[in-house]
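According to Swiss-Prot, the protein has these features:
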DOMAIN    32-356  domain 'G-alpha'
REGION    35-48  region 'G1 motif'
BINDING   47, 184  Mg(2+) binding site
REGION    199-208  region 'G3 motif'
REGION    268-275  region 'G4 motif'
REGION    326-331  region 'G5 motif'
């Protein structure tokens with residue numbers, strides 16, 4: 001009888017261990033999931049960084065996703081050209097060729113009914129003719145100074161590629177997808193796996209109206225990647241045309257790094273759009289954002305100054321920041337940085353659980 005009890009106990013013990021193992025595996029699976037929060041003010045390049053993460057995992061887009069992106073490419077091209085030509089009167093500009101007024105009229109008619117799978121060739125022709133007008137190109141080059149809204153930094157790329165994009169069999173290539181301008185509204189979650197570790201990345205709408213929706217929801221994230229656009233030091237907000245965009249980005253960064261929700265959270269700062277900044281700093285003085293700056297007006301010194309300004313915003317002297325200068329559209333550069341950042345996050349957060 002005692003022997004039978006002993007065998008029963010053994011069986012019970014084995015079952016108990018099996019259940020414990022299963023529970024532990026479920027817990028381990030959750031622990032192995034790294035949660036990242038992508039933050040930054042509007043137009044900073046968050047969506048592009050998220051696309052780069054997807055490229056890092058070699059995750060292919062579905063046919064349905066590509067079709068959606070193609071439609072968005074068409075829409076962006078037409079709408080952004082419409083914004084450009086409508087800004088001409090306020091800028092005191094006229095077309096080089098009066099015939100372009102006809103193209104504007106036809107484009108306006110097309111916009112009223114844009115339910116097309118592909119670009120209509122005549123619509124593409126009108127956009128192409130407008131883009132070839134020197135005055136339109138001049139207006140595009142000066143769009144930031146004139147505060148013309150909703151014109152992306154990569155719009156020129158799509159205008160230049162109109163002959164390819166307007167073809168009946170057009171499918172967005174990797175560059176199209178990466179440079180495609182998309183606005184994040186609300187919270188977008190993307191999941192993927194790198195180095196046998198599952199990631200959940202949350203991209204949050206950057207405009208002021210979006211920010212109150214999320215801050216209390218993400219206290220358990222493993223790290224925050226905060227993105228600030230270097231090139232915005234002489235620009236103002238879309239929502240408030242008196243507020244400098246760099247200063248607004250710094251205010252948001254300050255509120256995040258000093259938030260009680262993220263007191264112990266790693267923060268990685270991407271100073272993005274370095275390529276645009278490098279060109280702009282040659283012509284536009286950084287004093288527009290930082291009148292106290294006394295250094296040389298060159299890339300190295302101004303970026304170093306901006307870094308110190310961001311780092312000084314933290315009230316926690318023990319908090320470590322990882323700062324990278326990035327060009328989110330430069331796949332090779334960003335992929336190397338993301339690989340380094342992801343490795344750091346894995347080691348920093350999962351090593352604590354004894355898994356690595």
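Any Cβ shown, glycine's included, is placed from N, Cα and C.
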Sort the residues of the region 'G1 motif' (35-48) into helix, strand and coil with DSSP and give the three counts.
3 helix, 5 strand, 6 coil
CB neighbours of residue 47 (Mg(2+) binding site) within 10 A?
21
Using DSSP, break the region 'G4 motif' (268-275) down into helix, strand and coil residues and give each count.
2 helix, 5 strand, 1 coil
